[in-house]
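What TrEMBL says about this protein:
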type: COMPBIAS; residues: 1-12; note: compositional bias 'Gly residues'
type: REGION; residues: 1-36; note: region 'Disordered'
type: REGION; residues: 63-115; note: region 'Disordered'
type: COMPBIAS; residues: 71-83; note: compositional bias 'Polar residues'
type: COMPBIAS; residues: 86-96; note: compositional bias 'Gly residues'
type: DISULFID; residues: C121-C195; note: disulfide bond
type: ACT_SITE; residues: S206; note: active site, nucleophile
type: DISULFID; residues: C252-C259; note: disulfide bond
type: ACT_SITE; residues: D256; note: active site
type: ACT_SITE; residues: H271; note: active site, proton donor/acceptor
Amino acid sequence: MPTGLPGSGSGSGFDWSSLIGGGSGSGKAPSLPATTGGGSGFGSGLGSGFDWSSLLNGGGSGLGGTKPVATPTQTGVATVPSQTGSAGGNTGGSGTIGSNCTPQGAGRGSTENGVTTESCCTDMTVIFARGTGETGNVGTVSGPPMFKALRSKLGNDRVKVQGVDYPASAGGNANQGADGGKKMAELVAKALSQCPNTKVIVSGYSQGGMVVHNAFKNGLAASQVSGAVLFGDPLKRSPVGDLPAAKIKQFCGTSDTICGGGGDGGATGGHISYGSSAEAAATFAIQAAGLA
């Protein structure tokens, strides 16, 4: 594999060896770490390049949470929770869901399926692509902290989240997001068919950032989304489809070599530090969606 693939935009070419390794190996498929990741790292097929286990160790636990339980009234008659969709306000428009729906509720760790399970319509829908080797379909590093901040600011009933189910393998970095771009575009279209008035935010971390870029090459239109939030994006210097700069927020830590450093978005840490950018990311997403 070449040491560097040509960059796009104003960059001078991204060093892909920092993502997928440039040495020789036995060719074995990488053994991805478990949820807490800490073992011996990836298999020998990655060569002597970037040590992905250093990114994934101690990724942190996902967000818990259960649906709220209605309490009895003072007369002793229990209040039965409504399943008509009013808990979500149906603010995104009925679309194909209608009023007979179930709210997604609070965070669900490293997996979020608000669109595929047809949760109630909400003001905002976030379609998120996780980073390389992360668990579930939203991972733990940057997605869940941002979702928690959004739900705290807007309320659980005004936000739903859907992760992009794609391999997120180490070798997939060379595809520059092609492994999940089409799937993300399809999920946005599905979200809007369900809830025509919802405001869609596309977001991704690391390889997931490249998935966002690729989605715009696979049918996603700028008119379908209100904004894009990217963490540790290796394609930081490339356009994000036809989205105007005001609709894009990049977070790239000062010591994050994967995205080239720079401190974008006020981020000051390394490649696994973006939980600290959750509040700023949520604030931007709310403003971009016109929900401030």
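The first residue you see is number 1, and the count goes up from there.
Cβ atoms are placed via backbone N, Cα and C, with glycine included.
Curation plays no part in TrEMBL annotations; they are all automatic predictions.
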H271 (active site, proton donor/acceptor): nearby recorded positions from C121, C195, D256, C259, Cα cut-off 10 Å: D256, C259
Length of the line joining the Cα atoms of C259 (disulfide bond) and C195 (disulfide bond), in Å: 34
Close in space, distant in sequence - the residue listed as 'active site', Cβ under 8 Å, 6 or more apart: G232, A267, G269, G270, H271, S273
Closest of C121, C195, C252 to the residue listed as 'active site, nucleophile', Cα positions, disulfide-bonded residues only: C252
Rounded inter-Cα distance in Å - C252 (disulfide bond), C121 (disulfide bond): 32
Neighbour count (Cβ, 10 Å) for C252 (disulfide bond): 26
